[in-house]
Amino acid sequence: MTHTLLLYCLVFLLPTESCRTLCQVANKSKEMSPRPQGVCDGVCVDNSHCSQPCPPDSQGNMGFLCRQKKWHKITETCQTLNAFNIFETNLYSIQPLGGNTKVDEYARKPETITDRLMQTCPKDLSCVIRNIRQSPRIPGNIAVIVQLLHNISTVLLTDVDVAKMKSYSIMANHILNSKSISNWTFIPDRNSSCVLLHSVNSFARKLFINKYPIDISDVFIHTMGTAISPDNTGKNFSFSMRVNDTSSEITGQVLISRDELRKVPAPSQAISIAFPTLGAILKASFLENVTVNGLVLSVILPKELKRISLIFEKINKSEEKRTQCVGWHSLESRWDQQACQIIQENSQQAVCKCRPSKLFTSFSILMSPHILESPILTYITYIGLGISICSLILCLSIEALVWGQVTKTEISYLRHICIANVAATLLMADVWFVVASFLSGPVAHHSGCVAATFFVHFFYLSVFFWMLAKALLILYGILIVFHTLPKSVLVAALFSIGYGCPLVIAAITVAATEPGKGYLRPEACWLNWDMTKALLAFVVPALAIVVVNLVTVTLVIVKTQRPAIGSSMFQEVRAIVRISKNIAILTPLLGLTWGFGIAMVVDDSNLAFHIIFSVLNAFQGFFILVFGTILDPKIREALKGRVTSAKWISRISENLSTDFSGHPTKGPS
């Protein structure tokens, strides 16, 4: 209020003594009626709102929300900058002229800050810098400066020189300060940080570069630019900046290859801008659960340049964090993985290949807050896979050994075809999983990674579709007489379901997502989730089959509660019951396994989900051996018979060898 009265004194040319009197009255009234700040007077009821005025020297208000019986500030519009005091004081000083006083002509016009700025100091925009620098970085002031920068970038269509860029950079630097990050959270307009980024990029696009490179460096924004031509051997911009006052500097580089430069017309120019704090500001503004782990690098390039390389030094150098190369989607105001792909990574830095365009001009790397790897998970996975592979090999060996004894009826023959193929497909899936794990990821072995992921996807799907084939076999046996169709037709139908359907799904998935680089995860050889949700091409069919199988088992229980003992179909009914028991055990295990797989995708930070999924997934082969083979009484009988036969054959061989050697066997006494 005091500042407002002083301004009125200047505008209306009041005598000095009158001004002093008014100011004293204002100060006295301020002391007599203090206002509580940062707290609401009303009763705090959960989800209720209240508003409080800002401190006396600022305009605006603060909004609060009641949570858990406490008031929490959610918005603030407090500001000290306005169209009058943002300009330097001498522009409004009272100048004597013929015994009278005169106020600057702009003070009497209802113009915006930008209009006055363009009229007052159009050459270098410097007439607001001092007061902006001295202003507190409170939410309202940040919003005023963001709007000013946006308006300047809109008003100035051309002729942006180094002087203007320096002033613009100083203004932006003030609100990009690391000490202001928390205040961005309270700006009512969540898009303010996005507007700032767009405004800086738009203003830099109008910057004209002569034959000499430019280098405009402030603490929290650094702009570099140079002329480029097809004859250049390559260009790079190197930045080194501090994220805050206490941290060491981190680096970032923009690399333009010689092959790309050959595409640009002459003359052309390239500009890059680095922001060390903008990533944290964007996170604070949009309340996202992602952390920018490097500089934000903007590039202003000719449209002919389609690919650039970016090198980001990591702020957090933890090896347990997943890194993603991303571009800022200017229309949707979010980080997008489709703009970039990671080329190389270690604990210190990440190398990205990005595609600049009208939508994507700013790039960085994200750090997932979730733990990716644990020694426990690694041990469980590889030990379990070893046991699983050995179990499946043993399962197939047993099936081959007793095949003639356990496939005498048609239903038994079809059942064991299903069991053998479930084991074979899971064995191949495990083998390809091991192959994929030994590849160093999509970056170094992209083609190999695509192939490994395709086969892992195909064979894991085949496991479920062969389980579905078993369920359909049960339904066929219950609802239709088995002998109405030839055995060859039934076998062909089973193979079509077990291998044909998975092949179609896996082929469509890779064909639809790989051209856009959305087939693989950035960090592993497996189906992508974040970009294209390609993982659904496995999860949805698998869980649908689990549901169908459980319904089938329920139907079998209902239909076979009281079988007709004397029926000619008694053997078939017993076989169906055995298949049903097999499915009743294996289906929940497989379904539970991939149920935890979905939970792991939804809540990637939960280590318990990772461990349970790894245990169930790694030991699936062991489960199939135990519940599909060893616990089958028919197989145990056949094995016992083979062992007994082997003993008799061994004894006969010994006797024969003794006879041929000329030593008769001892007869009965």
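Just so it is clear, glycine is given a Cβ too, placed from its N, Cα and C backbone atoms.
Residues or ranges marked as domain 'GAIN-B' in TrEMBL: 229-373. Note on the domain 'GAIN-B' (229-373): DSSP counts are 16 helix, 73 strand, 56 coil.
Per-residue pLDDT, averaged over the domain 'G-protein coupled receptors family 2 profile 2' (377-632), rounds to 77. Residues annotated as domain 'G-protein coupled receptors family 2 profile 2' in TrEMBL: 377-632.
Under the heading signal peptide, TrEMBL lists 1-18.
The transmembrane segment annotation in TrEMBL covers 379-404 (among others). Long-range contacts of the transmembrane segment (379-404) within the same chain: residues 416, 419-420, 423-424, 426-427, 430-431, 433-434, 611, 614-615, 617-622, 624-625, 628-630, 635, 638-639, 642, each at least 6 residues beyond the stretch ends and with a Cβ under 8 Å from a Cβ of the stretch.
The feature transmembrane segment is assigned by TrEMBL to 416-439 (among others).
Here TrEMBL flags 459-482 (among others) as transmembrane segment.
Here the transmembrane segment (489-512) has Cβ contacts under 8 Å with residues 410, 414, 417-418, 421, 425, 450, 453-454, 457-459, 461-462, 465-466, 468-469, 472-473, 476, 519, 527, 534, 537, 541 of the same chain, all six or more residues outside its ends. Per TrEMBL, transmembrane segment is recorded for 489-512 (among others).
Annotation comment: TrEMBL describes 535-558 (among others) as transmembrane segment.
TrEMBL lists 579-601 (among others) with the feature transmembrane segment.
According to TrEMBL, the transmembrane segment annotation covers 607-631 (among others).
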